[in-house]
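Listed in Swiss-Prot:
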- 10-30: transmembrane segment (TRANSMEM)
- 34-54: transmembrane segment (TRANSMEM)
- 65-85: transmembrane segment (TRANSMEM)
- 90-110: transmembrane segment (TRANSMEM)
Amino acid sequence: MLKLFVKYTSIGVLNTLIHWVVFGVCIYAAHTSQALANFTGFVVAVSFSFFANARFTFKASTTAMRYMYYVGFMGILSVIVGWAADKCSLPPIVTLITFSAISLVCGFVYSKFIVFRDAK
């Protein structure tokens, strides 16, 4: 399980970079809310994360159903974190760090035991 988590984390580093860049563009160039910026960053990064983790971490096939489960769960998580950040007036960097930490742990557990549970 540790080996899988290390692989998942490695892909997560790239995923986080993608997410943060898109988030920054939304906040500072497009002047969106944190909820929208976080969700947009997520949408761009989640596809990379799903396909990379399916192939390299879990060695599983990609199906539309698996994709919908993954995107749905992570999308809800993204919106909740962004909404809470807006309500608490958190600085954008705190939102990014918070979502990155929560999504790493929750995303791994959800991927391993729900999305890719049948993967060999």
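The backbone N, Cα and C atoms fix where each Cβ goes, glycine too.
As the structure is a computational prediction, the values presented were derived from the model and not from experiment.
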Task: Contacting positions for the transmembrane segment (65-85) when only residues 6+ beyond its ends and CB under 8 Å are counted - done: 33-39, 41-43, 46-47, 49-50, 54, 92, 94-95, 98-99, 102-103, 106-107, 110-111, 114-116
Open item on the list: Can you tell me which parts of the same chain pack against the transmembrane segment (90-110), counting only residues 6+ beyond its ends and a CB-CB cutoff under 8 A?
Closed with: 4-5, 8-9, 12, 16, 19-20, 23-24, 27, 34, 37-38, 42, 49, 70, 73-74, 77-78, 81-82, 84
- [ ] Please give the sequence-distant neighbours of the transmembrane segment (10-30): residues at least 6 beyond its ends with Cβ less than 8 Å from one of its Cβ atoms.
- [x] 36-38, 40-42, 44-46, 48-49, 52-53, 56-57, 92, 95-96, 99-100, 103-104, 107
